[in-house]
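K.L.:
Below is the structure I would like to discuss, written out as structure tokens.
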Amino acid sequence: MSTRTPLPTVNERDTENHISHGDGRQEVTSRTGRSGARCRNSIASCADEQPHIGNYRLLKTIGKGNFAKVKLARHILTGREVAIKIIDKTQLNPTSLQKLFREVRIMKILNHPNIVKLFEVIETEKTLYLIMEYASGGEVFDYLVAHGRMKEKEARAKFRQIVSAVQYCHQKRIVHRDLKAENLLLDADMNIKIADFGFSNEFTVGSKLDTFCGSPPYAAPELFQGKKYDGPEVDVWSLGVILYTLVSGSLPFDGQNLKELRERVLRGKYRIPFYMSTDCENLLKRFLVLNPVKRGTLEQIMKDRWINAGHEEDELKPFVEPELDISDQKRIDIMVGMGYSQEEIQESLSKMKYDEITATYLLLGRKSAELDASDSSSSSNLSLAKVRPNSDLSNSTGQSPHHKGQRSVSSSQKQRRYSDHAGPAIPSVVAYPKRSQTSTADSDLKEDGIPSRKSSSSAVGGKGIAPASPMLGNAGNPNKADIPERKKSPAVPSSNTASGGMTRRNTYVCSERCAADRHSVIQNGKENSAIPDERTPVASTHSISSATTPDRIRFPRGTASRSTFHGQPRERRTATYNGPPASPSLSHEATPLSQTRSRGSTNLFSKLTSKLTRRNMSFRFIKRLPTEYERNGRYEGSSRNVSSEQKDENREAKPRSLRFTWSMKTTSSMDPSDMMREIRKVLDANNCDYEQRERFLLFCVHGDGHAENLVQWEMEVCKLPRLSLNGVRFKRISGTSIAFKNIASKIANELKL
């Protein structure tokens, strides 16, 4: 694959001194002096100019916020992919720093198969690096936008995992406080991973918390009322909103502005879709209770009839954290071969230092999908789950009773989850490299060499997802997701594809210092409260196709939303760091709930609207730049002379195979090169700028530079092996859902495939 030349509009300015040198803060990390290992072998061969952080080779930016960015990276010693959250500490005030360190401390003590795992912490004088699981399956939010509501069987499988993970947090006296569809990630096997603990806090029974934080549509009524709370009950309310969202594809409480939303939440009335089962409705009534004292606990909800339907012999129970497995001799032997001594390995693991040794040990316990693929795979492919398309339907042994009804997966996929096996999934034939003794100061990080785009991600960065933590020893995930037959269905044609029916929600926090502002909003929110009790269901008008999903409430309201994607970049909707900036009342740059919202009569409201409407989108393309394929004479239809070697290379190049098909807008039996030629023709006809990033991947831009109508997206021709067809994958990078829907549907309809 030829080297990509990023468009100027998405170039990223250099990051200041992202090199692991200097002593880290002891409360955050304990590092050895050899965190700068460079690649020296076939697993991670690289040129000197490639940027590194510690033992990690940076691949591309997958998330970006005010004070942080998230990069996809590969661990040089093991070849595993990770997400690295890079936080600029110099931009944070003391309060924000304190919350950042609290987030790190909380992530260190969490060890659940459905919670994103922290591997390593590297700290310099100016920068903090959090190395975490990489999310290859994306967000539940994006799944719902692309696929519509889940069937209750599928929703139950996901929700059991969510409840198990949140209850585990509560039993460790941790409250998340920002549970929403955007912070629920999917790993390669479509299992849930909860991410983004930036708003989490430790609670004590008998003590009250008083910080209002989270996303308003998911926030409990007591938060809108400015009341103090114990902690777990606000998560329980958010789980009720999530359950409703999974089953219906829409929010139970919504409004065109914050005041309207607040009134609907405080009224506590929501529409029950006709297709929702009685058991599911009854479960919702245990979550969405206005009085927090009467709201159900997760221990009680785990015994609910709907939760355990189909799992009668294996009722959902509180997760029992297994003893830490720090004595796996197979992994230790591999690390000794890398150059680590037995003594330093034991010291690091016994103290759980979260240094390079801890990270290497943890990563060795994970089967890397990338090892199954060619090392020459493009970095674009790294953003998706690279699993073999074929499925061994016979490999279904060794699963817990929770796996009944789950789709079978190939043996390579099952090796991905260490907790599903009696031992870590360590390839026996892989020759692991030896660590380098080179200091990190020798490897200056030059991020301008990485194609980067305005993108988003949650705390995990690709909100970093991988399977269950190897620290779980032999304990299997008791809540592994049931994947319904939906995943095996043919790709949906353009005319039937569900699209952007949901609008991304922003998270913010009111600190104690803005209590007066919050009270003002609450009091003023009582004015003009003549709002109908029930919303009339309206078919979504935001489908890519003319056929809409009839059972989904109209979700978007023209919001200039900015989305969070894993594995695929998109403009950031919130700061990757999840703590408040200099403003005492806001923690994120966010987007107004609606473009038509009032400009705010209160201090908090004005802060929200003024702070949240800023855009860094003041650019446009005047002329499409020549792509690499055009410059090298490899542009289809070009009359330039092309060498026979180049022709052979083009002829042998094949589209990437996709395991899932919900992002497909159209399918065709046409030759992939002919499909690319047709796509370029339609893009030119619609005045779209584009760049050919790879053989079958285009990065596209449309609009006049204003935030309301500027859209960036990817179009890729992919192979659908199960259907023996090729498809066109659309992936929104930035811009509003409405603007993307308009241009994407126009292009899809004009394609003659």
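Using the three backbone atoms N, Cα and C, a Cβ is placed for every residue, glycine included.
Pasting the relevant annotations from Swiss-Prot:
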ACT_SITE  Asp178  active site, proton acceptor
BINDING   Ile62, Gly63, Lys64, Gly65, Asn66, Phe67, Ala68, Lys69, Val70, Lys85  ATP binding site
COMPBIAS  11-28  compositional bias 'Basic and acidic residues'
COMPBIAS  374-385  compositional bias 'Low complexity'
COMPBIAS  391-400  compositional bias 'Polar residues'
COMPBIAS  492-504  compositional bias 'Polar residues'
COMPBIAS  538-549  compositional bias 'Polar residues'
COMPBIAS  584-604  compositional bias 'Polar residues'
COMPBIAS  645-655  compositional bias 'Basic and acidic residues'
DOMAIN    326-365  domain 'UBA'
DOMAIN    695-744  domain 'KA1'
MOD_RES   Ser42  phosphoserine
MOD_RES   Ser374  phosphoserine
MOD_RES   Ser376  phosphoserine
MOD_RES   Ser383  phosphoserine
MOD_RES   Ser400  phosphoserine
MOD_RES   Ser469  phosphoserine
MOD_RES   Ser540  phosphoserine
MOD_RES   Ser543  phosphoserine
MOD_RES   Thr549  phosphothreonine
MOD_RES   Thr564  phosphothreonine
MOD_RES   Ser583  phosphoserine
MOD_RES   Ser643  phosphoserine
REGION    1-35  region 'Disordered'
REGION    372-504  region 'Disordered'
REGION    521-604  region 'Disordered'
REGION    632-656  region 'Disordered'
K.L.:
Looking at ATP and its recorded binding residues Ile62, Gly63, Lys64, Gly65, Asn66, Phe67, Ala68, Lys69, Val70, Lys85, figure out the farthest C-alpha pair and report it in angstrom, whole number.
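P.N.:
Among the residues the record ties to ATP, max Cα distance equals 15 Å.
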K.L.:
By DSSP assignment, list the helix, strand and coil residue numbers for the domain 'KA1' (695-744), in that order.
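P.N.:
The composition, in the requested order, is 8 helix, 26 strand, 16 coil.
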K.L.:
Express the distance between the Cα positions of Lys64 (ATP binding site) and Asp178 (active site, proton acceptor) as a whole number of Å.
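P.N.:
That separation, Cα to Cα, works out to 19 Å.
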K.L.:
Taking every protein chain shown into account, which of the binding-site residues Ile62, Ala68 has the largest tally of Cβ atoms within 10 Å of its Cβ?
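P.N.:
Output for this query is Ile62.
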K.L.:
What is the interatomic distance between the Cα atoms of Asn66 (ATP binding site) and the residue listed as 'active site, proton acceptor', given in whole Å?
P.N.:
19
K.L.:
Would you count the other C-beta atoms found within 10 angstroms of the C-beta of Asp178 (active site, proton acceptor) for me?
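P.N.:
I get 30 for this one.
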